[in-house]
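Listed features, source Swiss-Prot:
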type: BINDING; residues: Arg76, Asp116, Leu117, Glu118, Lys167, Phe168, Ser169, Arg170, His171, Arg291, Asn292, Phe293, Arg294, Lys300; note: substrate binding site
type: BINDING; residues: Asp116, Glu118; note: Mn(2+) binding site
type: BINDING; residues: Cys424, His431, Cys451, Cys456; note: Zn(2+) binding site
type: COILED; residues: 2-22; note: coiled coil
type: MOTIF; residues: 424-457; note: motif 'Zinc knuckle motif'
Amino acid sequence: MKRKWEERVKKVEELASYYERNPLPTVYKPRLSKPLQPSRVWKIFCRQADAFRFVKTCKEDVHVFALERNTQNGQRFYLVTTYQELWYYYTKGYKTSLMHCYEVIPEKDACKLYFDLEFYKAANPGADGKDMVAKLIELVSQKLKELYDVNCSARDVLNLDSSTDEKFSRHLIFLPCKTVFKDNIHVGNFVRTILQPAIRLVGSNVAAPIAEGGAGYTSQCSAPTVELDGPLTNLTAVEDASKGWPAIADQRKETETSHHGENSEFSFLIVNNKEGDKQLFVDLGVYTRNRNFRMYKSSKAGKNVILTIAEDNKFVPNCEENVSLEEAYFLSSLVCNVRFEDGTKILSSNFVEEEIKMSAFLRSKTTRSTREPMEGYQESPYPEIDCFVRSLINKDGVQGGIRQWNYFSGEEILVYDISGYRWCENIGRAHRSNNIMILVDLKKEVWYQKCHDPVCREKNFKSQSLPLPSRICLSSLFIEEEDHMVTDERENTEVTSHSNPADLSESSAYLAINTSQDTQWDNASDDAYLVETAEDVELAEAADYSLGYDTEEIPDEVLLEMSWKQDTCSKDDS
């Protein structure tokens, strides 16, 4: 008996000595089924800012994805994982939020050139979507060659389709060899630059039938900034600020006249929306900070139509070792999945020459330095305020709409250009031909009305300032509960980095952050936490410099710069 006991003690001592020399890892990180696949990282957050902070702490090549719940409020959660792990579970067919998955395009990250295209079929009975896509690819390829000396064809463009009986819808991902853009803001600048003739057609409010013949595209925009593995070289000249406003206005008229013939070649890009108003075939609202872009094989929440390979797609990816064709398509479709190799071109783009010249003139006329405003044609960075503005212009039997928004980050003012609703406080009635603007001051939490009408503008008229509803003021939007717990019908559910994605079908619908595991974030000051919240809500950071003048509003000259892109009428009301 004693001998057996001594043998056991000896074995235990030998094991203890072995594990002292070869200790177990402190954290066990299981891998996927294939040896070459990375260690698993799978963590879900309720807030986008928290997800990006977690990414910075990871050694693995992880990315942020948005998961949309199948609810009417469009609530989203944010998943941090690798491309390989996401694809591994993406194709398992689990009934989870992976069915409605979006790639989050981080600000300032290099990315591919991409497009979101759509039109309603009933409102555009003569539109040939496939032909329009082919013409757009031809146009963009020509501009890439003209401005950057980049060769591209339809065989370098991944064409994804999610069309329905009601709507034609495509995503295009351009994949020219060893070519990426500096970030998606520069992508947006490039797209707006090459589509200026079409944008002017929309602004002119002139019916433009869809062209059936080929389009002869001629460059009319300034050469953008190009970065080729080195510092940026600005190739765009800025006009002398000493020139006067009338001269620039006359020059604009001459330019519009000279390009009238060219504009007609871009008419294939003009479509009707549901209300019959003109809009672009290309959605210009998808080039914003931290944009959520729907992924290949995903559908919108509440919808069953997924993004699939289009019938007229000509792109075929190169399959690397241990990568299937389907996975290769998936990896090619990811906007931020870019590689930096020797000879990679990093493209950048400024605004069109016309806008840069006008900005230079305005800076000479105002004693301040203003950032270029953000702009868009659909949702602004503040959807709650968008809804409030729509409530102001949809009343008394009049159906108004938001034609365009502009965000002045330095002043924190949103300018909404209104269509279909022309009531003006200055004259006490609706203008006959000139549209109005609704301005929202986010700092003062008030709104007021101004006009495109020359008489009102000459008087520098603005209506009385009225307070915003408390529910949409930023001070209330930034207030969040300390615990972001979403309660299951039965009990609270935690999702940590060790949760099994296969169980997401039961837990992802009611997710919660395990705040005890993220104490490093909890220890941050309230002010820092509030700043991170603001960054998650806003699409543009507030200017970090002080203004050199005292004023309560944006000068009309600055508003005029933006209104030139829109439908303005110079006739006085009688």
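Placement of Cβ uses the backbone N, Cα and C atoms for every residue, glycine included.
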TODO: Using only the Cα atoms of Arg76, Asp116, Leu117, Glu118, Lys167, Phe168, Ser169, Arg170, His171, Arg291, Asn292, Phe293, Arg294, Lys300, which the record gives as binding substrate, return the largest interatomic distance in Å, rounded to a whole number.
DONE: 25
- [ ] Using the structure shown, find which entry in Leu117, Cys456 (the binding-site residues) has the sparsest Cβ neighbourhood within 10 Å.
- [x] Leu117
Task: Entries of Cys424, His431, Cys451, Cys456 which, being binding-site residues, have CA atoms within 10 angstroms of Ser169 (substrate binding site) - done: none
Task: Helix, strand and coil residues within the motif 'Zinc knuckle motif' (424-457) as assigned by DSSP - done: 4 helix, 15 strand, 15 coil
- [ ] Mind giving me a neighbour count for Asn292 (substrate binding site)? Other Cβ atoms within 10 Å of its Cβ, every protein chain shown.
- [x] 19
Task: Spatial separation of Cys451 (Zn(2+) binding site) from Leu117 (substrate binding site) - C-alpha basis, Å - done: 32
TODO: Select the closest residue to His171 (substrate binding site) from the following binding-site residues, measuring between CA atoms: Asp116, Glu118, Cys424, His431, Cys451.
DONE: Asp116
TODO: Between the Cα atoms of Arg76 (substrate binding site) and Cys451 (Zn(2+) binding site), find the distance and write it as a whole number of Å.
DONE: 38
Open item on the list: Distance check, please: Cα of Cys451 (Zn(2+) binding site) against Cα of Glu118 (Mn(2+) binding site), rounded to an integer number of angstrom.
Closed with: 31
Task: Stretch-averaged pLDDT - the motif 'Zinc knuckle motif' (424-457) - done: 86
TODO: Sort out for me which one of Cys424, Cys451 has the most neighbouring CB atoms within 10 A, since those are the binding-site residues we care about.
DONE: Cys451
Task: Lowest local Cβ density among Arg76, Lys167, His171, Arg294, which the record lists as binding-site residues, within 10 Å - done: Lys167
